[in-house]
Structures are given as structure tokens and as C-alpha cells.
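Annotated transmembrane segment per TrEMBL: 110-128, 163-185, 197-215, 221-238, 250-271, 343-366, 378-400, 406-429, 436-464, in sequence order. Annotated domain 'STAS' per TrEMBL: 492-616, in sequence order.
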Amino acid sequence: MEANASTTMHSHCLEISMEAHKVVTPPPMSTIQKLKIRLKETFFPDDPLRQFKGQPLKKKLILGAQYIFPILQWSPNYNLKLFKSDIVSGLTIASLAIPQGISYAKLANLPPIVGLYSSFVPPLVYAVLGSSRDLAVGPVSIASLILGSMLRQEVSPNNDPLLFLQLAFSSTFFAGLFQASLGFLRLGFIIDFLSKATLIGFMAGAAIIVSLQQLKSLLGITHFTTQMGLVPVLSSVFHNRKESMRKPKLFWVAAGAPLMSVIFSTLLVFASKANHHGISVVGKLQEGLNPPSWHMLHFHGIHLGLVLKTGLVTGILSLTEGIAVGRTFAALKDYQVDGNKEMIAIGLMNVVGSSTSCYVTTGAFSRSAVNHNAGAKTAASNIVMSVTVMVTLLFLMPLFQYTPNVVLGAIIVTAVVGLIDIPAAYAIWKVDKFDFVVLLCAFVGVIFISVQQGLAIAVGLSIFKILLQITRPKIVMLGKIPGTDIYRNLHHYKEAIRVPGYLILSIEAPINFANITYLNERILRWIEEYEAEVEMEKQSSLQFVILELSAVSAIDTSGVSLFKDLRKAMEKKGVELVLVNPLCDVIEKLQKADEAHDFIRSDNLYLTVGEAVSSLSSTMKDQSSTV
């Protein structure tokens, strides 16, 4: 009895005539206008020129200068109170940047002094061009690891240190050129292919590899593998364990406070002459500011391909890390970081750095976190840090001669352990299993294969996921929510019911050449399944296939042909194709392609599914009563 009541109620709902709203053609626009809008939305979604509208010429010049040089935005209002905060944070991050700079340079197989050079010039450039108040720039572990490992594939830093240094500076130049080009051309969306899952897995794997590489310093092993995989490193430790046993160790030296650890251990080694008893030390470092290095850049020769590839990989990774760190701390303080300005700032500081004996630098999370927590108010904290490093380069370099490498190794391990983000990995596992597979591939690939190939595998899987979503778009069957004219996914809303004689499908992706074959086959299979159910259950035969197109944001010429093919196939079955709510771009192209009005007519084009079902049901009822 309840079933009969439900059927009666459903029939009554269908009998209610709804006013059908007409689907209108969008206002006509020329091709130039469409192209202009498309380019603006693609390259200028933030509309950077809006601040210039309605301003006098003098104001426009000031705004233009401030846009190019963000330092001009905050410097006019700079005061002693801000300076007090910035000088405290600047000195604090300098205490971290000095030991980390020396350590990361060794990680990149470069002279330790290069790490300090890279903590002097780039922060000055960023302070002028950068838009983040909290970002503290300098060498970082991941970029140092990749730079060293990629260049070492062709050139040995031990056998040919000068060539290795030249290739490092050249790679830095091309990394900066690539980064700045992305900003100038507003192509920052390219770095978005490094998904969060990819970065978390990659960072965790790289952190483990970096930590394992420090076993050379921590265990005092002289003959250590140059490979980056887990197996070669552990094998090297096992085969050289006797060598390490003969060396005294300083495992008890903590790296929680890097500068204090460096000072204390250096004094200890100097006082005890431990460098004469097996403790490996940094050695004498060159005094003075950065020497010019533009004459060392390689723009031709057999290694050009290597430096281009190394620059591209390190450029993308360091840029991604820098922007992500900047946006993270900007969100905490509720201000905006301009992504394109950051690309230009980071790129130009690397271009300038490559000419002043610096290697790849970016915004480091550990230093930026210290900068943020120390109360930095503006980018002037980078200037304070740079001045502190300058004083160190000019007057304090002899003090680092006896710094033990074991402490530098401990500093690196302490810094990179924080890159292993287990809670974030667990959150990805809960939300999206495919993303977790990408994370695992990046992690395992970096550990067991290589840093570059592990990253390439993860990026390849991410792109494959995107291609899968494009070529296999989601289509769902809609049903009517009883007592309403609302239609929703039958599998999502269990109370939704199918309307006899109607197959209502929602396409939830753009339609293009890559997915029309799948869409055509899937829709026709749905029709065949419906007809099979009709024969088995003796239901009303299929009369209308309604395609809900609200989620179809774009269509190409191949997509237009899909509707023509579907209409022909349905005519043979005696089924009518109905389209619901085609968006601006879609309806415009469909109407242009249907000059004879074969499949775009007012009687098969509706604004909502409810109006379509009501209007078509009324038409069917009128036709049956006439007959």
C-alpha cells in the first residue's frame, strides 16, 4: 500500500507543470575580446594593474616603484620599534645561518666558505625585492643535496674541484634565470605540478638520505660512498666499520643550538689539539667578502646540458620550497605574499649570487621559523643577518678553522629531521589514497633509486592522475528527491528515485578530444543497461536521455561532435537527447556548430533538470490525450 502511495505521489509530482526558463545565448564577443579575457585570467588572475586605475601620474609612478621594489612599501614608515624587533630576529637567524651555511656547502660538495658567501649577498637582494616579512633566505639542505649529487654524476669534486665549483655557479645562474622567467612571464602554475603529496614524500626521503650521508662525519669514515641510495650508504658503513672504530667520536656534542655547538666544539678541538688525533676539521677558510665569479660561468662546452638540467631541477625545488614557506608564515600573520614577485626575487638573487660566488639559495623553513618566532617585522631582518655574516667573513673566519666536521654533520641531521612530516602523511592517507601512493613513490624512489629519479616518478604519477581525470571524467546518474524538483546523484542520496522513461546523467568535467570516446561509449552503455532493465522489470521504455552540463566548463570541436554522434545513435533507438544548463562557452559553440538546428532546439534545451522533466512529461501527456 505504501508503494502505491509513493507511486501516486510521484505521478502527481510529475503532473505539476513548471515554468520552463529559456536558455539564452551569451552576449556576442569578438575573438580578440575572448582572447584578452582568457589571457588575463591565465596570466593575471590577481589583476596587478587594478591599483593604478584612477590614480594621477605621480601616484602611478610611486605605486610602480613600490610594486617592483617592495622595500619602498615598508621603508618610509620604518621606525626604531620595528628596527629593535628586526635586529633581534636578524642576529638570531644569523646564529643559525652561519653554521648551516658551512654545513650545507659541504653537503653540496663545495668549499665551506661558499655557504657563508651564499648567506651574505642573496639576503640583501631579497630584502629589496621580496614580499615576505618572515622569509629568511640562504642555502637549504634539499637544494644542496641535489646540486651536489647531480653535478657529481659527471665531475668529481675531489679530482677537479675548480670545474665542480664552476658548474655549481653555472647551475645557480640557470636556476635563477628559470625562476625569474617564471615570475616575469607569470608562469608560476608550472611549479604546481609538484603536489603536496609529492613534496612531503620527497622531503622525507631526502631528509633520510641527507642524514645517512652525515654518517661519514659522525662516524669519522674517510672512504665513504659517493652514491645517494640507502643500500650503498649502509653498505659503505658496514664495510668501513673498522675504520670508524679507530676514530674518536663527538656524539655527545648537541646540535640543538648550532652556533653554540660550533663555538664550544671549536674551542675544545683547539685546546685539546684533537685535529691531530683523528678528528676531522673544516680547516683554514678564506677571509674577505665574496669574490666575483661571473668569469667562472659556463655557457658552452660538454657540461652545458648538465648545468641546465641541474639548474632546472634545483630551481623548481628551491622555488617551491621558498614560496610555500613564505605563504605559510604570511597566513599566520594575515598578510599576502605575491607569488610572482617571490619568483622574481628568488630568481634574481640567484642570478646575482652566481656572479658573487654563491650557489642556489631560497627561503629555508628552519631559519624562517626562527625569524618568525624571534619577532621579525619586515625583511630588514635579512639585512641584519647579511651584515652579521659580512662581519664574520671579514674578521672571524680564523675561528672556524678548528670546527669539527662531526658537529656540522649533526647540525645538518638536526635541521633535516624536521622535514619528515608524519602527521601530514597520515592526513593524506585518510583523505586520498592515490595521493598517498604518490607520496610513497617519492619517498621510496628517493631512498632506493636516486633523488632525481624518485622525484621524477612522483611527478609522473601526479601527471598521470591528472590525465586520468581528464580522459576518464566522472559521470553520475541523477534521481529526483521526493517532494521536490531537485535531482541528485542516486548513489550519494539514497532517497533519490529514478524517473520512469528518463535517463538523467550529469557530466562533471570539460569535454574535449581526450575524453569523447570514453563519454560516448559510457553513455551508450548506460542506455543499453537501462533498456535491459526495462525488459526484465517491464518498466516504461526509455524516451529521453537528459545530460546535465552545469559542470562542463569548456568544450572543443571534438566535444561538439560527441553530441552529434549521440543524437544519431539515439534516433535509431527512438530516444530523444535533451541538454540541461549548458554554460556560456558550451552553448555558444554548440549553436555555431548547429546551423541547421538539428540538435539545439528550444524543445530539448532547458535550464534545470526539474524544468526539463516537467515540460517533457506535460508534452507527452498532451500527445497521449490527443491520440
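Glycine is treated like the rest: Cβ placed from N, Cα and C.
Note: TrEMBL annotation is automatic and uncurated.
Beyond its flanks by at least six residues, the transmembrane segment (343-366) meets 96, 100, 105, 108, 110, 114, 117-123, 125-126, 129-132, 135-140, 143-144, 147, 168-173, 175-184, 188, 290-294, 297, 314-315, 318-319, 321-323, 325-326, 415, 418-419 of its own chain at Cβ-Cβ distances under 8 Å. Using a cut-off of 8 Å between Cβ atoms, the transmembrane segment (378-400) and the transmembrane segment (163-185) share fewer than three residue pairs, counting only pairs 6 or more apart in sequence. Residues 69-71, 97-98, 100-104, 135-139, 148, 157, 161, 164-165, 168, 282, 285-286, 289-290, 345-346, 348-350, 352-353, 356-359, 361, 379-380, 382-383, 385-386, 389-390, 392-393, 397, 400 of the same chain sit 6 or more residues outside the transmembrane segment (110-128) yet have a Cβ under 8 Å from a Cβ within it.
Broken down with DSSP, the domain 'STAS' (492-616) shows 60 helix, 21 strand, 44 coil. Averaged across the domain 'STAS' (492-616), pLDDT in this predicted model comes to 88.
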